[in-house]
Amino acid sequence: MTQPKKLYIKTYGCQMNVYDSERMAEALGGQGYVETSSAEDADMILLNTCHIREKAAEKVYSELGRYRDLKDAKPDLKIGVAGCVAQAEGAEIMRRQPLVDLVVGPQSYHRLPELEAQAGQGRRALDTDFPEEDKFVHLKARPKAKRGPTAFLTVQEGCDKFCAFCVVPYTRGAEVSRPADRVMTEARDLIERGVREITLLGQNVNAYDGHDRGLAGLIRDLARVDGLERIRFTTSHPNDMDEDLIAAHGDCAKLMPYLHLPVQAGSDRILKRMNRQHTAEQYLTLIGRLRAVRPDLHLSGDFIVGFPEETEADFQATLDLVEAVGYGSAYSFKYSPRPGTPAAERPQVAEAEKDERLQRLQALLTRQQRALQDAMVGREVSVLFEKPGRMPGQMVGKSDYLHAVHVTAEGLAPGDLRRVRVLESGPNSLKAALV
Ligand code: 5AD
Ligand code: SF4
């Protein structure tokens with residue numbers, strides 16, 4: 001029997017890349033590859049990259065540089081670059097880094113087996129097309145192996161919003177939804193393999209139109225599948241939160257009370273320049289409507305500080321909005337000019353100013369996050385257990401609100417969904433006991 005070839009995948013960036021990496025590993029499984037967790041052992045290294053900020057993109061080149069010795073020691077080693085840097089800078093990667101054998105964009109990775117075969121014959125392969133065909137239809141059926149209790153499931157890709165700072169509409173292309181029947185088939189398959197919580201993914205997931213009643217229709221259909229206990233979705237745009245999706249947060253018990261709803265900034269002047277197409281007040285009104293149907297909803301957001309021409313007063317408006325909302329979690333970033341996006345050409349805020357604003361915003365967000373987490377102490381919540389913790393007899397899972405929760409108890413197994421009482425709130429997680 002021939003030895004299986006070993007594949008090492010390193011994933012950067014968002015959850016969609018995590019999902020894509022799984023599908024790429026499966027696609028290469030058909031070529032005789034099994035996954036390894038060590039680059040040193042690999043016959044093929046694949047970097048699944050992120051282009052959202054400059055730092056994320058630069059990591060790719062420094063990581064590739066580190067593989068020179070591995071390639072010298074094993075000339076047959078294949079090195080591939082996938083994901084959004086591949087899409088945006090494919091030809092440039094090939095030019096800058098001769099170590100790279102294969103470049104594949106996020107819309108063409110169903111062609112990986114052919115690209116790998118081409119690279120195997122010593123011809124460098126590049127595919128950054130936006131093909132007509134649906135990659136999911138062309139990918140092999142997913143293997144039947146048992147899985148952990150949580151899974152990501154991509155239902156929508158791409159973005160038509162063109163926020164002035166963002167590369168996604170260029171790297172991932174126009175908004176495309178997968179038909180609901182195919183999503184349902186993939187979901188049922190995941191559930192049969194042990195999955196109890198599904199997170200529906202899309203760059204603009206609430207613009208999903210593969211179901212005649214939109215994302216809420218898909219969620220309601222999924223909620224009827226026995227064995228599936230929890231549904232989440234990410235990432236959403238405020239302007240695509242329709243009536244039924246808001247209502248689902250109140251009446252669909254399997255839809256978890258956690259919503260990632262980025263606003264980016266609190267100043268209307270900046271929101272306009274960002275091309276967000278909504279005001280701060282419209283966002284706050286939307287949050288009010290969501291909380292009216294689900295008062296305990298935990299909100300999460302993304303923020304950019306130091307967007308071109310952001311003044312201290314604009315930044316203060318972001319702090320005010322954060323105070324008004326009270327976020328359960330949040331991600332905040334310094335604005336990073338991205339080639340080809342409109343905002344990159346505008347007058348920039350000084351780096352020191354960005355640093356200072358980021359620190360102030362993060363201090364406020366951390367305070368809020370911690371206060372909401374501390375308020376969980378004494379409360380009863382459900383936890384879906386995922387894996388053993390570091391202590392003997394300990395299991396780690398997630399609460400409905402996505403807090404990490406540690407419980408020490410006999411007989412708990414991954415996939416168990418149990419009620420717990422929260423005992424303590426630590427820096428990044430809760431400690432709880434079964435009730
Ligand atoms: N600079 C900084 N942050 C950015 N994001 C997107 N583009 C940029 C950029 N050019 C952030 C946004 C988005 C998140 C995924 O990344 O906050 O919601
Ligand atoms: Fe980027 Fe999100 Fe704006 Fe689309 S909606 S352009 S993905 S920030």
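Keep in mind that glycine also has a Cβ here, set from the backbone N, Cα and C atoms.
Automatic, uncurated: that is what TrEMBL annotation is.
Per TrEMBL, [4Fe-4S] cluster 1 binding site is recorded for C14, C50, C84. Long-range C-beta contacts of C84 ([4Fe-4S] cluster 1 binding site), restricted to its own chain and to partners at least six residues apart, with a cutoff below 8 Å, comprise G13, T49, C50, H51, I52, P106, V167, V168, T171, R172. In the three-state DSSP assignment, the secondary structure recorded for C84 ([4Fe-4S] cluster 1 binding site) is helix.
Its own atom aside, the Cβ of C159 ([4Fe-4S] cluster 2 binding site) has 23 Cβ atoms within 10 angstroms in the protein chains shown. Secondary structure at C159 ([4Fe-4S] cluster 2 binding site), taken from DSSP and collapsed to helix, strand or coil, is coil. The [4Fe-4S] cluster 2 binding site annotation in TrEMBL covers C159, C163, C166.
Here TrEMBL flags 5-121 as domain 'MTTase N-terminal'.
The domain 'Radical SAM core' annotation in TrEMBL covers 145-371.
Taken from TrEMBL, the feature domain 'TRAM' applies to 374-435.
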Cβ-centroid neighbours of [4Fe-4S] cluster 1 site C14, C50, C84, 8 Å, sequence order: Y12, G13, M16, N17, T49, H51, I52, A56, G83, T171
Alpha-carbon spacing, C163 ([4Fe-4S] cluster 2 binding site) to C14 ([4Fe-4S] cluster 1 binding site), which is rounded to whole Å: 18
Between C14 ([4Fe-4S] cluster 1 binding site) and C159 ([4Fe-4S] cluster 2 binding site): CA-CA distance (Å): 15
Distance from C166 ([4Fe-4S] cluster 2 binding site) back to C14 ([4Fe-4S] cluster 1 binding site), taken between C-alpha atoms, in Å: 14
Those residues of the chain, 6+ apart, with a Cβ under 8 Å from that of C166 ([4Fe-4S] cluster 2 binding site): I52, C159, R338, T341
